[in-house]
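Chemist: Feature list, courtesy of Swiss-Prot:
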{"type": "DOMAIN", "residues": "16-252", "note": "domain 'ABC transporter'"}
{"type": "BINDING", "residues": "48, 49, 50, 51, 52, 53, 54, 55", "note": "ATP binding site"}
């Protein structure tokens, strides 16, 4: 594992290069030919309707599931083709926050958090204690280390799971629906915590979520799975100003669009919905935001997020290739330098 730099922060996390990835369960194709580069040291979000294989994708990235085609390059190693020993070593780069926290019910929070250190390192118990207490303090659980998972709230279990994901100083952090089971207030706290962690260790973070507010305000990059394919992946500014129908529908939580209750809609259904909309029928959904919603910033006193400058440089290079309307909205955002913290922008 890389050493901490002179500014007290870990070096930038590593990139993840996915090429031509295809996964099936028996005769059921989950997704095919998925290709994307997840930038190092940035926060990315993967969106998509239920059943599109987002969690399957996450599990594939750490080698828990094996796609039948394609490659996943992490720190120069293809984890699909590498040996079991190489995969074991690559996994030490990862910290994973599972959807349910995945805590051991028979262990208190201290032992749950210490588990990866005892399994993957030869550190003395005194060293383990220092690390565990530091991570629990980081996620706001200092003083709760003797409590058991059954004695605490769902939000606290999420934070305990995040503390455990951080104990090996990972360069890549995967979060599987971190907001699942949380109310909007706890979700806002968790969003702020993720941004603060990225500022401190510059890790590569990938979040799978259905939460529209997280999608709009947290990530540097966004991607969306639909119809067994990756529809788009890129900087937040590009997707938030995109006219791609499925992206617009999902980000605004509308019924009107290609996504149906259980499957994609046919053209006649979409035409009927469009007619209802033109007739003044209110279709529900989230408040539609014009332009680019501001991104959550770090808590005052934290280091600046290096990811912001890297992403904005890529966006400026892409501007000439984007539609005029998107260019104007993105330039307004870049020049306006919109910044806020999670508690200032709720659901």
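The backbone N, Cα and C atoms fix where each Cβ goes, glycine too.
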Chemist: So which of the binding-site residues is most packed in, judged by how many other Cβ atoms lie within 10 Å of its Cβ, out of 52, 55?
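Modeler: Top count of Cβ atoms within 10 Å goes to 52.
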Chemist: Given the ATP site residues 48, 49, 50, 51, 52, 53, 54, 55, which other residues of that chain have a Cβ within 8 Å of the mean position of their Cβ atoms, reported in sequence order?
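Modeler: Here the non-site neighbours turn out to be 225.
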Chemist: Pick the one among the binding-site residues 48, 49, 51, 53 whose Cβ has the fewest other Cβ atoms within 10 Å in this structure.
Modeler: 51
Chemist: Within 10 Å of each Cβ, count the other Cβ atoms and name the one among the binding-site residues 50, 54 with the highest count.
Modeler: 54
